[in-house]
């Protein structure tokens with residue numbers, strides 16, 4: 001991992017951990033603030049440049065790094081998800097080259113990694129046509145449908161359905177692509193309007209009730 005990216009990740013993790021400890025503490029005394037030695041390059045990246053982009057890239061590097069343990073990957077994922085709640089940051093995923101590595105994590109061996117990847121995708125595409133289109137460009141919907149019906153982890157299946165729900169509502173191209181990959185018998189063959197919330201809800205309810213093909 002690039003040294004500056006690694007330092008940015010550590011800074012983000014340490015400050016996230018300190019904030020959580022402070023929130024969980026019942027002690028009236030303020031929790032000590034974690035301070036890292038931020039060099040000029042890091043300060044420039046954090047405050048003088050595209051800090052959100054740098055943190056997004058650092059988080060993704062951590063998520064694919066064998067040197068980062070699962071606990072810290074979860075923190076990196078949490079930070080990443082909060083960053084892409086911003087539509088501008090969500091739309092920056094493609095220029096930063098982050099869509100492909102994010103989608104790859106849907107097939108990670110760790111269930112929590114799959115769950116968080118689906119959650120992040122759902123956050124990125126919600127009410128965002130530009131990002132919804134990336135579900136087609138990067139062929140994400142077949143993976144999400146398979147995950148929602150066969151992932152051994154219920155929490156991962158639930159987030160896959162959430163990602164689908166966010167991705168197809170009010171965006172017909174994604175809706176049409178989604179229907180193509182549904183299990184047999186889910187639809188009558190008629191076109192489903194992406195603006196028909198009741199029809200979409202009924203379809204997603206079927207997915208939620210779909211028996212997993214693999215025991216949890």
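Every residue gets a Cβ built from N, Cα and C, even glycine.
As annotated by Swiss-Prot, region 'Disordered' applies to 19-39.
What Swiss-Prot lists as repeat 'ARM 1' is 27-68.
The repeat 'ARM 2' annotation in Swiss-Prot covers 87-126. Residues 52-53, 56-57, 60, 63-64, 70, 73-74, 77-78, 80-81, 132, 134-135, 137-138, 140, 143-144, 147, 151-153, 155-156, 158-160, 162-163, 165-167 of the same chain sit 6 or more residues outside the repeat 'ARM 2' (87-126) yet have a Cβ under 8 Å from a Cβ within it.
Among the features that Swiss-Prot reports, repeat 'ARM 3' is placed at 129-169. Taken through DSSP, the repeat 'ARM 3' (129-169) splits into 34 helix, 0 strand, 7 coil.
Here Swiss-Prot flags 185-216 as repeat 'ARM 4'. For the repeat 'ARM 4' (185-216), the DSSP-based tally of helix, strand and coil residues reads 13 helix, 0 strand, 19 coil.
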